Amino acid sequence: MQRYNSTYVVKRDGRKEDVHFDKITSRIQKLSYGLNMDFVDPVAVAIKVISGLYKGVTTVELDNLAAETAASMTTQHPEYALLAARIAVSNLHKKTNKVFSEVMKTLHEFHHPHTGKHAPMISDETWAIIEKNADKLNSAIVYDRDYSYTYFGFKTLERSYLLKINKEIVERPQQMLMRVSIGIHGDDITSAIETYNLMSERYMTHASPTLFNSGTCRPQMSSCFLLTMSEDSILGIYDTLKQCALISKSAGGIGLNVHKIRATGSVIAGTNGTSNGLIPMLRVYNNTARYVDQGGNKRPGAFAIYLEPWHADIFEFVSLRKNTGPEEERARDLFLALWIPDLFMKRVEKDQEWSLMCPCECPGLDDCWGEEFEALYAKYEAEGRVRKTVKARKLWEHIVSNQIETGLPYITYKDAANRKSNQQNLGTIKCSNLCTEIIEYSAPDEIAVCNLASIALNRYVTPEKKFDFVKLAEVTKVITRNLNKIIDVNYYPVEEARNSNMRHRPIGLGVQGLADCFMLMRYPFTSAEARDLNKRIFETIYYAALEASCELAELNGPYSTYEGSPVSKGQLQFDMWGVTPTDQCDWATLRKKIAKHGIRNSLLMAPMPTASTAQILGNNESIEPYTSNIYSRRVLSGDFQIVNPHMLKDLVERGLWTDEMKNRLIANNGSIQNIDGIPSDIKELYRTVWEISQKDIIEMAADRGAYIDQSQSLNIHMAKPSYAGITSMHFYGWKKGLKTGMYYLRTKPAVNAVQFTVDKNALKTNQQAETPATVAESQDEGCLMCSG
């Protein structure tokens, strides 16, 4: 019998081999190419790996340990995250087939392990195209690009995005991107490879449902679905519930308005009984959201429920997420949202009375907006059809106190959403979506749908610190064409969704990495230069998307309900805001083209949260500033340490990055504002969201809003929330004309989770111990459905 020393590894083929420190070190060194070796130490990683070994460890487990070890050293230098990812990617590459077409064949030929039935994981159509074009597609893939992901990004891909057989990943990231591209473009191989390259080089990404499902047997690639309750009856309520379940099963996020459901105590004509109102019904929806988890626990189901503040059950509705109170009055898995008419805000401002009504007794309030709504509401008040009269500020205080406790409800403005919508010719828009960036018309026979993608703005900053608007416009046009194609090839879980999407053809372009873009340009987030760039970026995207949509209309005709829309009358989004665009784009020529050909898509712009896809690409989310410069983040795939890589690079170049500096940063909860020795220009550039005026954030949202024909997921951050402060922010946003006043209210925890391993008293001396983790505000993971 062969003897082994006390520690051996088990190779992939089952052979046993003695552990060799030099071999481990050599492998880590090979994967450290191009990294800053003044700060990345392969030997230090290898020493830690050796100390964690046990007898019989497999080489796969050894690689996982090495990757996690490198990831744990990210707070020393951000390039450890790249090294960690390279080790993990190398491990995956060893386990998977490098030939794209062969991997797709394996996925197509998959048989159910228990029944033996053919259960293909990619569609017959997708496989036929790949088989026919195998050589061209195989040679187009650049596997080295897998090594450009950060560890955090790669682990996110592993957890939810790469296809698995019997729980084993068989797909590489580059193969996933090519599958997605073929699923969108079919046999248009040139366009598929173009899309693959743009995603692979991280200029843009399609939304999570598209990455999950493109090319599969059920290619449900849409992110957002907006529903109106079909009718106020048992049949209507449960029909709508079934629709929500089918959509959620297919990875769609849901926005549902319940304005028309009668209030508590209303008479039920058929049985001569009385209604239990909204709350018991919403608890049923809550349980459905918990039960339907989008297949294999990829993501929990998520429903946002919208209600107008005149509804007689409004006080109970707003309290649904409270941590205390009777369980039968709570629905903590629903996301609550208010659809607020201007009249309510005016009455709060003037400290006037507010009347609560039942939609059964006061019909039509949800079917109109603006002056028509105000006239009907006043008519019902005059006729005495009111259930209850309260001070408007009493309800407002109730809303704000719940926001302080739970971060909800979302605030969306009904009149701004309708007044500035290109879909206003369809009827009254009654709600937004799960993440408050989609503003689309829905009806009992129409479920609004939106397909999303986001542009990684950091990629458009040149080495000379110039912003490449030409490339931005070029990529925007590709995305617009892609999203338009998805409308046609998409699988629709319910027919009402197909009906709506085919008629109106809305799409949603968003961004990620705006904060990274500003940092690369050396612009503090709210500086004059950043504000100007913010406007020009969104003007460019809107212009390019309109131009691409017009070119599609020239080929295929405008969308079915184009006539009568504001754009058909020459009214573009910035016209509705009363804003004059810059001279950067040739708007006069584009207006003439649109007047002649129309546009193919009713809506184009919708900056979404990008929670998951920004993690994959290593960017800060969406339009948000950084929340901290150093923190741990808990997501589905585990706990990861995140360091602001731009700041680290600056501190390293100036010789300021030391263990002591790292621990000062942790002790200051990710802020550098009070750390001595850091130059003022660095402090200004790396202000966290807690150190930026929220008034400035709202102003920048309004600036870009003139070019956003849907809306934007706008969070409000307040370290110490107060009634006065939140009220001030809401009224400022409303008066600025925002459609979405607030997505979440983000607050700091009462006690900051500073790691106990950091001894504040020892900060003046050299630190001896490695700090294993970092600090951050505690927040939910964010919406993954809308992650564009």
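Note that Cβ sites are derived from N, Cα and C of the backbone, with glycine treated the same way.
Bear in mind that the values here come from a model prediction, so they are computed numbers and not experimental data.
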Please work out, from what Swiss-Prot records, which of C450, C517, C550, C585 forms the disulfide with C224.
-> C450
According to Swiss-Prot, S208, N433, E437, T610, A611, S612, T613 bind GDP; so which of S222, S223, S421, S628 is the extra one listed there?
-> S223
Rounded to a whole number, how many Å is the Cα of T610 (GDP binding site) away from the Cα of Y744 (site 'Important for electron transfer')?
-> 14
Minimum Cα separation from S612 (GDP binding site), reported as the residue among recorded positions C435, Y743, Y744 that achieves it | C435
Could you tell me the C-alpha distance between Y744 (site 'Important for electron transfer') and C435 (active site, cysteine radical intermediate) in angstrom, no decimals?
-> 9
Consider the binding-site residues E437, A611, T613 and say which one has the Cα lying nearest the Cα of Y743 (site 'Important for electron transfer').
-> E437
Out of Y743, Y744, which of the recorded sites has the smallest number of neighbouring Cβ atoms within 10 Å?
-> Y744
In the structure shown, which of the binding-site residues S208, S223, N433 has the fewest Cβ neighbours within 10 Å?
-> S208
Neighbouring C-beta atoms (10 Å sphere around the C-beta of S612 (GDP binding site)) | 30
Between the binding-site residues T610, T613, where is the Cβ count within 10 Å the lowest?
-> T613
